[in-house]
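What follows is a short report on a single structure.
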Amino acid sequence: MKKTHITEQKFADLDLLPQVIEGLEKKGFDYCTPIQALALPVLLTGQDIAGQAQTGTGKTLAFLTATFNHLLKTPEHEGRKPNQPRAIIMAPTRELAIQIYNDADSLVASTGIKAALAYGGESYDKQLGKIEEGADILIGTTGRIIDFYKQKVFNLNHIQAVVLDEADRMFDLGFIKDIRFLFRRMPEPKDRLNMLFSATLSYRVQELAFEHMHNPEHVVVEPERKTGHRIQEELFYPSNEHKMALLQTLIEEEWPDRAIIFANTKHKCESVWGHLAADGHRVGLLTGDVPQKKREKILEQFTKGDVDLLVATDVAARGLHIPQVTHVFNFDLPDDCEDYVHRIGRTGRAGESGHSISFACEDYAINLPPIEEYIEHAIPMSDYDASALLEDLPAPMRLRTRNPQQRRSNNNGPRNGNRKPNQNRRPRQPRHNKEA
């Protein structure tokens, strides 16, 4: 996956403290993305912002940088105890909260500012212990934050910075009452730095900003199109008979460093997982019934590179923020047009390039016209040579026959023990536009 140039704005040229710049440089960040270049100069003057930017544009680093810098430059309130947060970052999902927390690690190390996590589905006592050790920044989901607040673990009297990430999804998931509950127990908006980020600045999001922020400046980074311009899109029309063989052949040809394969149902995901696992791939499975701890383990394996392929449903994959995903395969075209954009947006993030491959099969080709109407362009189409598809495919594994400790991932041994990359197979035939 190659890195593309982003903007000419260097972090080192902004009014950032040396400790913050050190933390950014440790992560390899030298130049700003467009949302960072627009938002940070505003935030560093102490001005609130309501930012519109798509997932994968670098907004997380923008608000983390501003939050750490603000806390370093602003004296903490007199009488504050170490477990009383100075900043709160609210996310719609626990996966996003965990990702934000992990993204903050280099800034935590370089500044000495402590961060803690609070989200449901994980040990209450473990999170409580971390907060009591000291939590300058509390990152989490609104429900668990409110639980701790009501248990008087901390109060919100010393909040000096607030981040609301993916505000539009907060509305979609019904969390807006929780957000207002927390805002109303913090100091006045003028006495804190407020940051709101959303994929769309709809009327209801702007109303929320007006109600709980202090004259926020709107910062908008419009995508050139709904699907990222760094994502190479490709479409095949496989028969149902060829669909699995085409997927496995393309994986052998592309040999992706890290790929997510989407299917529309839990049953289909399990079937795809079974074929890939039987063929020796290091593959994980995420469906709606995977327990939270197992889910986190699979995501950790995928992020570290112990698992190369992840098969997932849309519901299970919501909130995933995994860096350096090189490929996305739409084994099934989604029923919801927006899900297509969300799926392929897992790759080509924050200046990286990516590749999206979609199958318009006999069952789901009907979903293609509304998707192309929604994204406002036709997906480039490729033909395939059926005679070049893999034929020596083993019978799929079945979940119920596997050891319980291995039920959801197949990551033993070297990568793809049964196969090696083979770019000579060339199942593709010359590409052409559908209009031709």
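The backbone N, Cα and C atoms fix where each Cβ goes, glycine too.
As recorded in Swiss-Prot, the features of this protein are as follows:
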MOTIF     9-37  motif 'Q motif'
DOMAIN    40-219  domain 'Helicase ATP-binding'
BINDING   Ala53, Gln54, Thr55, Gly56, Thr57, Gly58, Lys59, Thr60  ATP binding site
MOTIF     165-168  motif 'DEAD box'
DOMAIN    245-390  domain 'Helicase C-terminal'
REGION    398-436  region 'Disordered'
COMPBIAS  402-421  compositional bias 'Low complexity'
COMPBIAS  422-436  compositional bias 'Basic residues'
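Overlay of Swiss-Prot feature records on the structure.
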{"residue": "Ala53", "record": "ATP binding site", "CB count, 10 Å": "23"}
{"residue": "Gln54", "record": "ATP binding site", "CB count, 10 Å": "20"}
{"residue": "Thr55", "record": "ATP binding site", "CB count, 10 Å": "22"}
{"residue": "Gly56", "record": "ATP binding site", "CB count, 10 Å": "24"}
{"residue": "Thr57", "record": "ATP binding site", "CB count, 10 Å": "25"}
{"residue": "Gly58", "record": "ATP binding site", "CB count, 10 Å": "22"}
{"residue": "Lys59", "record": "ATP binding site", "CB count, 10 Å": "27"}
{"residue": "Thr60", "record": "ATP binding site", "CB count, 10 Å": "24"}
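In this model, the motif 'Q motif' (9-37) carries an average pLDDT of 95.
Shown for the motif 'DEAD box' (165-168): DSSP residue counts in helix, strand and coil, namely 2 helix, 0 strand, 2 coil. DSSP assignment over the motif 'Q motif' (9-37) gives 16 helix, 2 strand, 11 coil.
Taken residue by residue, the domain 'Helicase C-terminal' (245-390) breaks down under DSSP into 62 helix, 27 strand, 57 coil. Under the three-state DSSP scheme, Lys59 (ATP binding site) falls in the helix class.
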